[in-house]
Amino acid sequence: MPYVNTLELVREAEKHGYAVPAINIVDPLTIGAIVRAADEVGSPVILQTSVKTVKSAGADVLYAAVRQAADKASVGVSLHLDHCPDREVITLCVEKGWSSVLFDASNRDLETARRETAEVVEECHAAGVTVESEIENILGVEDGVGSDEATHAYTVDQLIEVATETGTDMLAPALGTAHGQYKAEPVLVPARVKEIKDKLDIPVVLHGGTGLTDAQFHEFIDQGVSKINISTALKHAYMKSALAYLRECEAADKWEPVKLFAEVEKASEAVLREFAEIFRSAGKDGNR
Ligand code: 13P
């Protein structure tokens, strides 16, 4: 069954020097398109839902669509809850069958973040769900979660101490990236990835993928990043392909929703193909 745990996918990526594309889908249309493209290029894929997407589409609809797409695929597919500071939404997704969650405690002080992350890890592990932890804030607001200001920043030793104590499975540290489009050239710290991994054998996740260059991605992967998050690029592909088609509809005064869905699917598939090539995950997983 190609519906797998996120940790399995990222551990495999670490072994073979690539990163798994973790794409924030927004509805069943994008779920189908991303999995189909991943299957075509032989790349494992992590489908991510923001809290906003869970609330808009509904957990049952999203989970059913992911399982349906994954069951037809020959590559590993997992379902991850992205940036979630809300414990109730974590419990909901754990109960519904998500593979992993990002407990975003970056809005808590260090002691609260440590205590609550340990509680979330206990709850998730009891259900076989793995946990990504964020206690430093990654800049930018994504689907209503996060901040444009750096509020919590810690040393690598502090990050490692909390990750070890809480038993978290994956770590999302601040690496100089930001969510959304870059307004200025980011000051990236890829060396921090290796510094963490030299001290603790834990998968490191890169957020804020949209807008980085191929060379910047490769440097992060070479330092040990094995999961890279992409959201804004898919949103743009979705909305711009829809807009272009709607303009055609307007010019011709002919309105065909099914053709609109096809345009959005085509644009979404192209996003997965592009990043699977850059992240070197294409061709790595086709034999399940
Ligand atoms: P972008 O929106 O910059 O692609 O970042 C995605 C992300 O990190 C989701 O957690």
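Even glycines carry a Cβ here, placed using N, Cα and C.
Just so you know, TrEMBL annotations never went through curation; they're auto-generated.
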Check TrEMBL for me: it has H83, H179 binding Zn(2+) 1, so pick out which one of H207, H218 it puts in that same site.
H207
Among G176, G180 - the residue TrEMBL places in the same dihydroxyacetone phosphate site as G208, G209, T210, N229, I230, S231, T232:
G180
Suppose we draw a 10 Å sphere around the Cβ of G180 (dihydroxyacetone phosphate binding site). How many other Cβ atoms does it contain, all chains included?
17
Could you check which of the recorded positions D82, E134, H207, T232 have their CB within less than 6 A of ligand 1?
D82, H207, T232
What residue among the binding-site residues T210, S231, T232 has the most other CB atoms lying within 10 A of its CB?
S231
Within a 10 Å radius of its Cβ, which of these binding-site residues (H83, H179, H207) has the fewest neighbouring Cβ atoms?
H179
If one looks at the chain holding G208 (dihydroxyacetone phosphate binding site), which residues at least 6 apart in sequence have a CB under 8 angstroms from its CB?
I138, L139, G140, T177, A178, H179, G180, P186, N229
Dihydroxyacetone phosphate binding residues G180, G208, G209, T210, N229, I230, S231, T232: largest Cα-Cα distance, in Å and rounded to whole number:
11
